[in-house]
Amino acid sequence: MAAPRAVLLLSGKRKSGKDFVAEELRSRLGPDVCTILRLSGPLKEQYAKEHGLDFQRLLDASAYKEMFRQDMIRWGEEKRHTDPGFFCRAAVEGALQPVWVVSDTRRLSDVEWFQDAYGDVVQTVRVVATEETRKKRNWVFVTGVDDTESECGLDQGVAFDWVITNDGDKVALGKQLEMLVQSLHRSL
């Protein structure tokens, strides 16, 4: 595994558009330059194995995943408590591109792990959208999900390097992403 030249840690509330922003960045940089890493992938894969569930169905935005979300959060927290870098190490395994976009950074321990492992190449990116926009994207507040560390862990304690507003204005979003991409090109 080659050391990355840039690691972008994306965070934000559910339905803020973190995955969309990650895909836009990869599209602008190209798949040979940029890879998207998901901390939830290794988590869901291990959870599915241990609980006899369909891993692929846990990856999509289905009712199937929602049935297990709260228990998966609890289980993931137990794993992190034992080993804070468990899912981070699994996510970066095999990544070869010079730019890594971690699309689902949710906890201060995730940020700290990446900063300890990769130092100055790490940049934090907060993706924000108004509650109204998130509701238009079918977000509904769920007690035990939206009020836990998996959704609120980075609401404070992090001075974000970038804040990307993703409220549906494609022109404004494009300008913000172009500034970030230009900055990344300078580090390549």
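Backbone N, Cα and C define each Cβ position, glycine as well.
Source: prediction; values computed, not measured.
What TrEMBL records for LYS13, ARG14, LYS15, SER16, GLY17, LYS18, ASP19, ARG137, GLN176 is ATP binding site. The local packing around GLY17 (ATP binding site), expressed as other Cβ atoms within 10 Å of its Cβ over all shown chains, amounts to 24.
For ASN166, the entry in TrEMBL reads substrate binding site. Counting Cβ atoms from all protein chains shown, ASN166 (substrate binding site) has 25 others lying within 10 Å of its own Cβ.
GLY17 (ATP binding site) sits 7 Å from ASN166 (substrate binding site), taking the C-alpha atoms as the reference points. A separation of roughly 10 Å, to the nearest angstrom, links the Cα atoms of GLN176 (ATP binding site) and ASN166 (substrate binding site).
Counting Cβ atoms from all protein chains shown, LYS15 (ATP binding site) has 18 others lying within 10 Å of its own Cβ.
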